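This report refers to the structure that appears directly beneath it.
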Amino acid sequence: MFAARRTFAGIAQTRAFSASARDLSKVTILGAAGGIGQPLSLLCKLNPRVTDLALYDIRLAPGVAADVSHINTKSKVTGYDPTPSGLAAALKGAEIVLIPAGVPRKPGMTRDDLFNTNASIVRDLAKAVAESAPDANILVISNPVNSTVPIVAEILKAKGVYNPKRLFGVTTLDVVRASRFVSEIKNTDPRDENITVVGGHSGVTIVPLFSQSSHPDLVGNADLLNRVQFGGDEVVKAKDGAGSATLSMAMAGARFAESLLKAAQGEKGVIEPTFVDSPLYKDQGIDFFASRVELGPNGVEKIHDVGKITAEEQTLLDACLGDLKKNIEKGVAFVAQNPGK
Ligand SMILES: NC(=O)c1ccc[n+]([C@@H]2O[C@H](COP(=O)([O-])OP(=O)(O)OC[C@H]3O[C@@H](n4cnc5c(N)ncnc54)[C@H](O)[C@@H]3O)[C@@H](O)[C@H]2O)c1
Ligand SMILES: O=C(O)C[C@H](O)C(=O)O
């Protein structure tokens, strides 16, 4: 492993990679003891690309770290106490910071109902990232993603360290769900189903583009569309008050982190739909949008546009943009009105 890493460093030099193609890949999870955080920690421990795993939470992170650290893979695992210095140490040198900290939904709630609690949690964690890991790729999982990502951006801007190429709202679960649900209808292997999902991460802002898949006949399938847009509600209802998707989300978050690490280590053509600072609808006042994004050593390499879609999909996109604009504005306004300490 170590030799392989040295070899990689050599290749990196000959290909003139930037300093961001690091020899060590430290991944930090903020909210590591939660329903998502624990299985996400497990999956990161199993990933040979991760060399250091730093686990932080306001409770139980050292315990989770002790547990995960017994797994016989090479990476070092450290749990940190919920103190400012613990948080700073967890973040220092991180290449990837995953943020699943915050409260989940209960039945009857929308993701936006989480805003009042999660906005300040994410704001304060973003400040810590700005101070201790300004060059990290930041992967925001905490809901409502359509608003929490703009909150992080505003904090990074205020701290003078905003790099739009390194901030990602994790929408991978929508893509994972879409491929799974399509495979159930078509009786195929979900791993072969590549469904692009654009927009944001809540209700009608989640827009699957079946016309671009190998099953264009699925455009107009109202049940399938509803399941993709409201898949999160399906889990919230089934868990009956005990939270929302955690295991599938951990898988989705680990997949996105793995894609970023692959791209950072020189792999080409790594593409994931993700919610980023995007030029696609800025002319309509919408600064963030999820579309297919090619990842590279510097984070965002290329943002693909939405491409050719049907009139029906355009109607879905129009509904998405209206909601998305409001969600983004809410995040930006929150930081302006509540800058915190
Ligand atoms: N992006 C997505 O697709 C997606 C999918 C599922 C869930 N989510 C969201 O992820 C979030 C977490 O969900 P969960 O099921 O893991 O919730 P959870 O309550 O099980 O875990 C959240 C963890 O965050 C910790 N936490 C709270 N405040 C913190 C702080 N200031 N610093 C560090 N840690 C802190 C808690 O102690 C807890 O361990 C929710 O907001 C949920 O809506 C997003
Ligand atoms: O639905 C939720 O509240 C959690 C998450 O955003 C999901 O899509 O499962």
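Glycine residues also receive a Cβ, built from the backbone N, Cα and C atoms like all the rest.
The annotation active site, proton acceptor is assigned in TrEMBL to His201. What TrEMBL records for Gly31, Ala32, Ala33, Gly34, Gly35, Ile36, Gly37, Asp57, Asn118, Ile141, Ser142, Asn143, Met249 is NAD(+) binding site. Feature annotation from TrEMBL assigns substrate binding site to Arg105, Arg111, Asn143, Arg177. The domain 'Lactate/malate dehydrogenase N-terminal' annotation in TrEMBL covers 26-169. For 171-335, the entry in TrEMBL reads domain 'Lactate/malate dehydrogenase C-terminal'.
Counting every protein chain shown, 22 other Cβ atoms lie within 10 Å of the Cβ of Asn118 (NAD(+) binding site). Between the CA atoms of Ala33 (NAD(+) binding site) and Asn143 (substrate binding site) there is a gap of 17 Å, rounded to the nearest whole number. When secondary structure is read from DSSP and collapsed to three states, Ala33 (NAD(+) binding site) falls in the coil class. The Cβ of Arg105 has fewer other Cβ atoms within 10 Å than any other of the recorded positions Arg105, Arg111, Arg177, His201.
Across the domain 'Lactate/malate dehydrogenase N-terminal' (26-169), DSSP assigns 65 helix, 26 strand, 53 coil. Ligand 1 lies under 6 Å from the Cβ of Ala33, Ser142, Asn143, out of the binding-site residues Ala33, Ser142, Asn143, Arg177.
Those same-chain residues not listed among Arg105, Arg111, Asn143, Arg177 yet with C-beta within 8 angstroms of the centroid of the substrate site C-beta atoms are Pro104, Pro144, Val145, His201, Ser202, Gly232, Asp233, Val236, Ser244, Ala245.
In sequence order, the recorded positions near Arg111 (substrate binding site) (Cα within 10 Å of its Cα) are His201, drawn from Gly31, Gly35, His201, Met249. The substrate-binding residues named in the record, Arg105, Arg111, Asn143, Arg177, extend over a maximum Cα to Cα distance of 18 Å. Comparing C-alpha positions, Asn118 (NAD(+) binding site) sits nearest to Asn143 among the recorded positions Arg105, Asn143, His201. It is 14 Å from the Cα atom of Met249 (NAD(+) binding site) to that of Arg105 (substrate binding site).
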